[in-house]
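Visitor: A single structure is presented below for examination.
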């Protein structure tokens, strides 16, 4: 049974959290750009600008159900890099000012730090080493590991929840949608943290394409899920395992209060000896019988 406090809390949760990777950048087109231009100053290409403009239209269609819905608002968070800010400017062209309740630049969702100027041949060797070492824990010389990015994204998530609780002032009748314009690795780490994916599961995730976006939407039980908006085939293409996809479907469809009981697939990844039929009560009964029979 849902009490009134839970109902009110549910009402004010954003309907969607949408993660967007920036459009094609000069660095995506030619890695030599990083040898002369600081990473944070790398601009979008003309194709990247067009991608961002199209993404804005597509995201608005998702939020408004292709114009059928009238009561909705958006709030943006953006990495401080030039390519993400430019992506946001193009996406923003699809949203009238009255629909936007806030925009915030957020340093904690910036790109993974690979060092300063990047020498092409040296970076090729370093990235080959990363593949042997493991993408999550490998730390770039003078830069960061994905684990470092995980820590700062985790801190951002705490701030995001505080913003949801106190900062966003909007009509409860309006669907609130949070759009985060960031980078491929930061977005994957965000999903990893949110859905409690393991390091091993992270290693199999594929990067976002330029201006690809992924929609976390509230399911019937109040849990965010990728499976509300996206298909199983899409999630497979992203590198989600069958167990991860089953978890997303469970989050999307479980009734309120039923998620914890029904979606504990991840236990098998840690305890290979777990038998669902085992119970401490049964063990106690057996012990009792033994004692009574002795």
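Placed from the backbone N, Cα and C atoms, the Cβ positions cover glycine too.
Pasting the feature list from TrEMBL:
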{"type": "BINDING", "residues": "21, 22, 23, 24, 25, 26, 27, 28, 83", "note": "substrate binding site"}
{"type": "ACT_SITE", "residues": "22", "note": "active site, tele-phosphohistidine intermediate"}
{"type": "ACT_SITE", "residues": "111", "note": "active site, proton donor/acceptor"}
{"type": "REGION", "residues": "274-294", "note": "region 'Disordered'"}
{"type": "COMPBIAS", "residues": "277-288", "note": "compositional bias 'Acidic residues'"}
Visitor: Compute the mean position of the Cβ atoms of 21, 22, 23, 24, 25, 26, 27, 28, 83, which form the recorded substrate site, and then list in sequence order the other residues of that chain whose Cβ is within 8 Å of it.
Guide: 29, 42, 44, 45, 48, 87, 210
Visitor: Select the most exposed residue of 23, 27, where exposure means the fewest other Cβ atoms within 10 Å, treating these as the binding-site residues.
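Guide: With the binding-site residues 23, 27, fewest surrounding Cβ atoms within 10 Å: 27.
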Visitor: In whole Å, could you give the widest CA to CA gap in the substrate site formed by 21, 22, 23, 24, 25, 26, 27, 28, 83?
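Guide: That value is 15 Å for the farthest Cα pair.
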Visitor: Taking each of the recorded positions 21, 22, 83 in turn and counting other Cβ atoms within 10 Å of its Cβ, which one has the fewest?
Guide: 21
Visitor: Between the Cα atoms of the residue listed as 'active site, proton donor/acceptor' and residue 22 (active site, tele-phosphohistidine intermediate), find the distance and write it as a whole number of Å.
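Guide: Their Cα atoms are separated by 11 Å.
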Visitor: Mind giving me a neighbour count for residue 25 (substrate binding site)? Other Cβ atoms within 10 Å of its Cβ, every protein chain shown.
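Guide: The Cβ of residue 25 (substrate binding site) has 24 Cβ neighbours within 10 Å.
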